[in-house]
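Engineer: Here TrEMBL flags 386-397 as compositional bias 'Polar residues'. Summarising the annotation, TrEMBL assigns compositional bias 'Basic and acidic residues' to 399-408. Residues or ranges marked as region 'Disordered' by TrEMBL: 380-410. As annotated by TrEMBL, transmembrane segment applies to 12-32, 38-58, 78-101, 113-131, 143-163, 218-239, 260-284, 304-325, 450-469, 481-501.
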């Protein structure tokens with residue numbers, strides 16, 4: 001077992017170093033190694049992975065006594081659902097890439113159509129494989145299975161590394177947007193920034209379908225990096241489970257079920273955070289689609305985070321203290337899934353922390369320059385609106401006074417009945433709450449409330465950056481401070497890790513909620 005893990009690990013290490021050398025050469029010397037060369041290498045790796053996955057599905061897993069044990073902790077429904085969600089979005093991303101390259105086929109390489117086409121086939125096959133076999137503890141062909149899993153992990157890592165560093169299409173679209181703004185403002189042609197290259201000569205025609213492909217590519221780009229990270233984590237657990245024999249102590253005889261009964265304050269506060277966050281997200285997205293988003297929309301977005309994150313921190317600290325005081329038998333059995341969860345949470349947190357520190361230097365410089373100016377905010381027309389509304393209410397036609405009284409009486413009686421019904425429902429909910437919580441200690445109650453609140457908060461903080469809200473890239477401050485390409489790498493390295501951290505936190509907090 002140790003020898004098989006060693007050699008499969010060496011295989012993955014050599015593949016990752018080879019791919020990293022190609023990608024690094026492309027970044028620093030585009031004459032020696034081009035992006036097409038990197039795509040050809042990754043296409044070969046994808047095809048090899050496809051052959052192994054098909055062999056595993058049709059051959060290895062169907063042998064007698066191949067899968068005697070299944071890891072109940074591996075391949076949780078939320079992680080497999082993430083594979084399907086991010087995989088679907090990655091397929092759409094490749095479709096947009098193919099459509100965009102097809103429109104500009106006269107100035108683009110054929111590899112730009114072949115590479116995403118192979119990517120679609122690879123994503124579909126890998127997603128099916130992980131959905132059905134992520135819990136397998138394979139007992140035959142150990143070394144070949146380990147090498148196949150490690151080759152697939154290395155391929156996903158290289159795809160992630162390329163997605164983080166390759167800003168070719170983004171630079172191309174950015175240069176086109178600058179050209180549109182220049183023509184709209186009537187300015188003279190300016191010299192291209194240092195990050196522009198020959199790809200800027202390939203201009204998208206002024207058609208709706210081309211703009212749709214561009215917008216879709218930009219919107220779905222982070223999903224591809226998320227997909228690669230999630231697949232790597234699931235494949236690593238499968239690699240650790242090769243040849244593993246699970247004893248009866250590891251099997252969950254009574255699996256706790258998720259129930260919403262017994263929690264009130266956590267869902268209320270969490271739902272409020274989700275609703276407010278959704279409103280902030282929609283306001284931001286509407287403003288961000290314009291050529292020049294206002295400064296106020298960034299203030300609203302960051303203010304939401306400034307209020308919510310301290311509340312989550314306080315709740316997490318209180319929950320940690322209560323969990324330490326709770327005298328409950330811990331599950332100390334060795335499990336690769338749980339060990340990986342800890343490593344992933346710690347590693348994924350570094351992405352958000354790193355981006356925060358990089359932004360801090362920019363904000364400090366901006367604050368020093370902005371300290372000389374004052375911004376006055378006012379609410380225009382508030383008194384006039386209030387006064388006009390009073391006038392409208394006071395100008396009631398004399399002939400309609402009796403009808404108005406009758407309508408008010410009927411409305412009052414209807415409101416009274418609805419209030420009584422609402423009171424009865426609240427009473428029923430209170431009795432159900434007391435009945436459900438009667439057997440739980442106060443520590444368990446607080447733990448369930450806090451964990452449910454944190455679950456909802458992490459969900460909205462996962463949704464906002466995942467579906468397009470990227471103020472760290474769109475406000476322009478860090479981009480002008482570090483340069484386009486440098487900040488592109490920082491964002492695409494830290495943002496997917498931050499999203500992955502939120503998603504992984506939801507799974508861990510749900511486990512805390514259920515077991516409490």
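Each Cβ is built from the backbone N, Cα and C atoms, and glycine gets one as well.
Give me the local environment of each listed feature.
Structural biologist: A Cβ distance under 8 Å defines the sequence-distant neighbours of the transmembrane segment (78-101), meaning residues of its chain 6+ beyond its ends; these are 108, 112-113, 116-117, 119-120, 123-124, 126-127, 130-131, 134, 169, 204, 209-210, 212-214, 216-217, 220-221, 223-224, 226-227, 230-231, 233-234, 503, 506-507, 510.
Within the chain, the transmembrane segment (143-163) has long-range Cβ neighbours (under 8 A, six or more residues past its boundaries) at 4-5, 7-9, 11-13, 15-16, 19-20, 23, 38, 42, 45-46, 48-49, 52-53, 55-56, 60, 126, 221, 224-225, 228-229, 231-232, 235-236, 238-239, 242, 492, 496.
Remote same-chain partners of the transmembrane segment (304-325), defined as residues 6 or more beyond its termini with a Cβ less than 8 Å from a stretch Cβ, comprise 273, 276-277, 280, 443, 446-447, 450-451, 453-454, 457, 461, 512.
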Engineer: Relative to the transmembrane segment (218-239), which of 12-32, 38-58, 113-131, 450-469, 481-501 accounts for the most Cβ pairs at distances under 8 Å?
Structural biologist: 481-501
